[in-house]
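Note sheet for the following structure.
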Amino acid sequence: MPEIATLTHKFTSVTLYKNKTVRYAARMHAIIACQMEFQLYPMDIQVCPIYIESFSSNNQKVKLRWSDSGVTLNPELKLLQYNLGQPLELEESDGYMPEKVGNFSRLTVYFRFERQIGHHLIQTFAPSSLVVMLSWFSFWLGLDAIPGRVTLLVTCMLTLVTMFTGLRADIPPVAYVKALDLWMAGCMVSVFAALAEFVVVKVLDVQYQYQVNKIPKVLPMRISNMEKGQCATVASWEGGAVRSRKATQTPTTPGQTSLQGNGGPPKPARRQSLLSVAWTDTDTGVEKIMWREIDKVSRAVFPILFFVFVLLYWPILLMKSS
């Protein structure tokens, strides 16, 4: 609701010209509401219209037109978060007012506010990107540094949560998803995926250590008993009965002993029992452990996926904002 600014008197003037023209001027101070949309925040562009029309005289009595100068702005006017688009869009129209039962002349001026992105690049996007990159360093920390790896990932997650909680307090709460929410979700998912990857490799390492420590306890004992001649047979359980079969030695290289039954197949090698969590490279003969391979792959996969997200996020955001 516009208010005429007053001190000791109203800032108005009435001028009567010889050609029967009456000029009325008044200085007004108005606080005007604008319906804003924040889907593209912080790259949003707000268009706020101002309507001027007669209250009681229809367009047959009063016809409103913009002057040649239109609407002028103070060149020294500076806004903290927005750039005021120039030139302003001016419009003249006639609108039917049902409550007044008539057509009324209307003037409209559209103000275009473009949000400045520099502040958010420094305060939001750059720090959050660095925090995500910091979480990738956990892939170079082995499982012997579990406290340091967990502390690094949890600290990155809490930093992102604190950062975005403070940013959400600067804008009104809205029900729809904003562009900043998508960026926040992408960063947090990346850090959470790094934490989930640590849990997976830790579980695989536990299984590997269990199998490595379990298998040598049985086979070397039997071999040592055969070398000492204390046991001539090898017992195996089948169903609920015990079956004994004679242990024979097959010619092998010096220092090696293999156990076979009566014409039975050879005992599976140790590598086959560790097939799920470890294996031997057929080309180099080097033992490869699954959790270590997952860490190596994650060092490249996580940065690539995040950069793909960035390459999709910014072009789409810029195209929609333009």
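From the backbone N, Cα and C atoms, a Cβ is placed for every residue, glycine too.
Per TrEMBL, the listed range annotated as transmembrane segment is 125-143 (candidates: 30-48, 125-143). Counted with DSSP, the domain 'Neurotransmitter-gated ion-channel transmembrane' (125-214) comes out as 78 helix, 0 strand, 12 coil.
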